[in-house]
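Features as listed in TrEMBL:
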- 24-45: region 'Disordered' (REGION)
- 116-151: repeat 'PPR' (REPEAT)
- 222-256: repeat 'PPR' (REPEAT)
- 292-322: repeat 'PPR' (REPEAT)
- 323-357: repeat 'PPR' (REPEAT)
- 538-630: domain 'DYW' (DOMAIN)
Amino acid sequence: MVCPDHENLKSKLILSNTNLNRQNRVANPHNHQHPHPPSTTAAGNTRAAEQSCLALLQACNTFSKLTQIHTHILKSGLQNNPLVLTKFTATSSDLEVINYATSFLFSPESDTRLYDTFLYNTITRAYAQTNNLKAKAIDVYKLMLERKKLPNKFTYPFVLKACAGIGDLNLGKSVHGSVMKFGFGDEVNVQNTLVHMYCCCRGGEGGIEFARKVFDEMYKSDSVSWSAMIGGYVRVGRSSDAINLFREMQIKGVCPDEITMVSVLSACTGLGALELGKWVESYVEKERVQKNVELSNALVDMFAKCGDVDKATNLFRSMRERNIVSWTSVIGGLAMHGRGVEAVAVFEEMVRSGVTPDDVVFIGLLSACSHSGLVDKGKRYFDSMRKDFSIVPKIEHYGCMVDMLCRAGLVKEALKFVQEMPIDPNPVVWRTLINACRAHGELKLGEKITRQLIRNEPMHESNYVLLSNIYAKMSDWEKKTRIREAMDMKGMKKIPGSTMIELDNEIYEFVAGDKSHAQSKEIYEMVDETGKEMKRAGYMPTTTEVLLDIDDEDKEDTLNRHSEKLAIAFALLNTPPGTLIRIVKNLRVCDDCHSATKFISKIYNREIVVRDRNRFHHFKNGLCSCRDFW
């Protein structure tokens, strides 16, 4: 590793502390003068002063006391004593004033050549634990090497934690190289932190593959290793890999802890695997895994997002300890299921109980108002954020408001709201407005906004898909074809629709027109059968959903190949009559599939729960919980 110039590194770590340094010199103007070797008596006095400072720092619990101890250190001539400075740094970190410590440690009067590895580790750790100062941890590590202080096995977990927070894959690989160079590649704690660091690195899935390589090459792994790797898979959306690795962990007899189980529950949530999530809950109870508030929150979140919001609510009610995440999970869960009135009631209960809402809670609350058509309530809560709770709305809150107005068909009001926003709308806000324009017939306005969005984001494929869909709605097939050709030239592909279903603890995934399944013949026969039964009951295919210039018969055939219809047909074939069906769609469910699912629920006497990109739909007896408002 090439280390920058020592003075440059020091300058990065020094704050504006001219006054502080002047104060230091006045307090002890001779603290750098040692005209005679210290006598035995002087050494004893130094040890006494050292113990005094350490005792004061041990009892220090306020910044005011810390500044007084700082002065005492200077008067005692211990401003370059590694042991005292290490404790001073640790105390400053505990009080969340690490910059105050480093302004002292890296002042021009400091002699960093006297600092030892333990002190450098303490400074590095403090910076690594501070969200917006992780890059400084790397600077301290480089300065340590520049000063010829050898790292030890405790150094790299702190440095790698900083790398994880920064998320730079190249930086992580560089530090990994140093780990090997200094001979710490076989230390379990270092390997565990390497796995975690690579899992956190940005840049596609490159980091996760490096993490798996380190994990597979570990001579001896522990529960922390497995938890880090499982959590990494969850972080990049590879929930199936996370579940498979957890199963491998069980086979090898490694006992999971509560951190492992939180990650496994998150994987169940990603897959919509309710039965597997129930098994995890039973496993936690059976194996007596510590059920702390984080694990309880993960269970609430899993049940809510896997379709059983009543179970999620009951779990929430039974929690002995709750934090803001607990309230957020249950409010967000109720919002996803279109139970906005209940979500509002829980929010009001939270406020009455003395819990102060944060900005994340308001995202769930506004989403609940949006999905339940509570426009007036949503407006009042949006105004209440700043007025009653001093929370400045972020782009996510403005996005919820635009979504709420659009879902209610108030497209012009939504446009006016966007134009008057005090912050620049992001592409998500514009896409919400564009979809509303298409749904509510404001096609020219939608075309105008989409063209501007393409100019701002020429390489984002969803913008072209939006414009293509608008032209299809206009029946302007020539312009639609040109957009599709432009996408092909740029190498862009539309995200394919897919639907997952859990059956006998296995996850099955279907894509539109899928014929890869072993039961494909039977599945398509069931699709045909349900189509005939639905038509006899009055179903009319929504062929306007097919954005192709083909005749209605071909459009109907295209609709029958949609992934959710294939998944439902598969469930009808493989589950007993009357059994509840749960499926997870990666995109918004289309109008035709929504209509068809209502008919199927009534004809086959099935309750069908569909989780799409935006919310849950509970179909029963020909009706949907969203009241056709999604």
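Placement of Cβ uses the backbone N, Cα and C atoms for every residue, glycine included.
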DSSP-derived helix, strand and coil totals, residue by residue, for the repeat 'PPR' (116-151): 28 helix, 0 strand, 8 coil
Intrachain neighbours beyond the repeat 'PPR' (222-256), with Cβ under 8 angstroms and 6 or more residues off its ends: 188, 191-192, 195-196, 198-200, 205, 208, 211-212, 215, 263-264, 266-271, 273, 276, 287, 289, 507
Structural state census, the repeat 'PPR' (323-357) (DSSP three-state): 26 helix, 0 strand, 9 coil
Helix, strand and coil residues within the domain 'DYW' (538-630) as assigned by DSSP: 37 helix, 16 strand, 40 coil
Helix, strand and coil counts within the repeat 'PPR' (292-322) (DSSP): 23 helix, 0 strand, 8 coil
